[in-house]
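Here the structure comes first, spelled out in structure tokens, and everything after it is commentary.
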Amino acid sequence: MSPVSTKDPLASLDEQSHSIDPAQNLSAQKSLLYQDLCSAQLSLPQSLSHSNSSHPSVASAGSNPSSPTTSASPTAFPTSTPASSGISSPLEELRESDMLKLIATATDSSSSHPQQSSTLLFSQWRPTSHFLGPHGWMNDPCGPSYDPRTGLYHLWYQWNPTASTWGNISWGHAYSRDLVHWTSRPQPVLSPGSNHDSQGVFTGCVLQRSPLGTPEEAVQSADMTALYTAVSKLPIHHTLPYSYGCEKVVLSTSADGGETWISQGIVVDGPPKHLDVISWRDPYIAPWPLLDTLLGRTGEAPGLYALIAGGIKDTTPTTFAYSIDPTDLSQWSYVGTLADVGRNCKAEPYGVDLGQNWEVANFFTIADKAGGSSASAEYLLINVEGCIAPGPARAPVYMRLDLDATQIDDGEIRLQPAHVGLLDHGCLYAASSFHDDKHHRRLMWGWITEDDLPEDYYDTQGWAGLISLPRELFHHPTSSELGIRPAEEVRLLRQGAQEISFRPEGSVVGAAAVELAEAAMGDAVELCAAPVAEVASRSFEVEMELSAAQPGLVVAHSEDLSTRTLVYVSASGELVVDRSLSAGKDSVIAKQIKVNTSALRAPLTANPSGTHKLRLFMDNSVLEIFVDDLVALSTRVYPDAQDTGLSVLVRPDAGAAGEVRIWQGLDKALVA
């Protein structure tokens with residue numbers, strides 16, 4: 001495959017000859033250049049196809065309509081600090097005394113702005129193969145979409161460019177030709193400014209079309225249309241009294257590829273007044289034939305609908321549905337709420353807690369391509385909060401809908417779930433999906449949080465949070481669950497990587513390894529940790545089959561295994577990530593910073609072979625794990641820079657171990 005160009009496709013057009021009046025402003029010039037880009041239909045890489053082998057926000061925390069939305073001032077943090085490649089770290093010489101000084105600076109209220117003293121820590125745990133903002137806090141992915149006019153995928157995201165904690169919520173922007181190599185903009189493209197969004201530009205969606213005209217006409221325009229939650233009053237949280245009008249839906253347009261935006265005003269000024277809501281935000285818009293059917297609407301083209309997530313006080317989390325005029329995206333009509341599941345409903349089959357409030361809700365239809373039939377399933381994607389301990393307080397959830405059980409009473413639609421599961425069993429939240437028209441599939445991103453690192457150190461580090469690798473959601477051929485796997489393009493991160501084929505021999509690697517395995521696995525069988533000597537970084541991908549002979553991995557471990565993270569299948573058939581020693585036991589990180597090292601678990605579906613296919617990505621402090629195309633788990637670990645070992649857990653008396661494939665030195669996500 002040809003190498004990915006690092007040249008800005010918008011900037012490249014500046015080299016062409018145009019008759020632009022020098023008096024024209026930058027926005028007008030960009031608009032003209034972008035229209036040229038649309039008409040040029042730049043040549044794109046050939047479509048990627050699947051191989052025959054299977055693939056393995058929290059939001060709660062009146063300008064002139066003709067004026068572009070203002071941008072926040074760039075942060076004082078030194079953005080030129082290079083990110084670590086993951087193979088070698090600039091902090092390998094950072095020792096305990098240096099770390100203690102940094103900790104003291106972070107906790108000293110009299111010190112200068114924390115970001116100005118955090119250069120040394122900026123790269124310590126920063127990933128390089130995932131997309132993340134230039135610096136500062138980031139959370140929800142916003143408006144993921146594909147623009148067929150330019151061949152570019154776009155991703156906006158919640159960003160605080162002035163600090164590494166939540167606040168001043170703006171939209172950052174990046175674009176890509178292949179979903180994994182991104183050109184990122186150094187400043188926000190949408191920022192708090194006017195009366196209605198003075199406290200934040202929260203999550204929303206972007207449509208690759210003009211807001212006016214028939215759908216066929218609108219997509220011929222160079223315009224993009226964003227609809228998002230404009231926030232005028234804080235704090236907002238589902239546990240606090242709700243102030244009507246604090247959240248509004250605003251429409252803005254861009255004629256230059258999402259670089260600058262012009263507000264077209266408020267579309268909906270608040271939730272339905274007859275309902276006592278606790279939140280109402282994060283609009284998502286798409287055609288939905290299912291809702292056409294339920295509402296008895298017929299026509300040649302499917303209707304256009306918006307879903308807004310939220311909840312009703314002391315009653316239920318829910319989604320608020322609206323019908324939109326497809327020829328004028330500013331015209332919304334309220335349809336009703338679509339769910340009444342009650343508070344903290346435990347949904348089948350896994351007892352998933354549906355919480356007290358929902359955020360970032362999507363709807364979609366997935367066809368059974370593998371079965372060769374025309375059958376399809378309907379889904380809701382929701383991000384739930386207000387869950388009850390001991391489970392996580394929030395989680396990304398999918399519902400496969402039971403259409404036979406769906407109720408319509410006095411015009412109120414009550415969607416019923418047939419199957420509810422987790423989209424991720426770790427720290428991923430604010431999952432958002434879209435239909436990729438280019439490859440006719442459903443893609444999803446999520447926010448991988450920094451929650452396991454105490455917030456006191458966010459500004460010291462200089463950043464917090466990142467975006468997951470792109471994931472495909474699909475109809476799983478052998479399960480009633482929603483399939484989830486890395487998008488095919490994620491394999492492009494292997495470009496330039498060292499490929500290693502490893503077959504464990506089962507030799508004992510010292511008593512520490514035996515004790516580790518016995519304690520972790522909870523049985524009397526001794527396990528060995530077979531080291532992959534070639535791996536000396538925290539930048540790699542692993543593909544392997546988990547079995548009785550080789551039930552898991554030890555990652556990010558020290559030479560003596562006193563620092564380690566275990567990833568394995570337990571005797572009870574669960575995927576387990578044991579992080580109890582992920583920061584060591586006596587290190588400064590463990591004793592002073594006190595990162596969260598609790599274990600994570602995910603149930604696995606048994607299969608006749610007794611094996612499970614694992615695909616694991618290690619990107620400095622980030623772990624993304626996929627098992628059997630059914631289970632995803634994202635988590636964070638914070639070891640010392642020199643803890644880069646990778647070993648395979650082997651049970652010598654359980655038969656021959658299989659091949660383990662490793663790609664070390666994954667490609668960087670940011671090309672500009």
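Placed from the backbone N, Cα and C atoms, the Cβ positions cover glycine too.
As stated in TrEMBL, the feature region 'Disordered' covers range 1-24 out of the listed 1-24, 97-120, 193-216. Across the domain 'Glycosyl hydrolase family 32 C-terminal' (535-663), the prediction's mean pLDDT works out to 94.
With DSSP classes pooled into helix, strand and coil, the tally for the domain 'Glycosyl hydrolase family 32 C-terminal' (535-663) is 9 helix, 58 strand, 62 coil.
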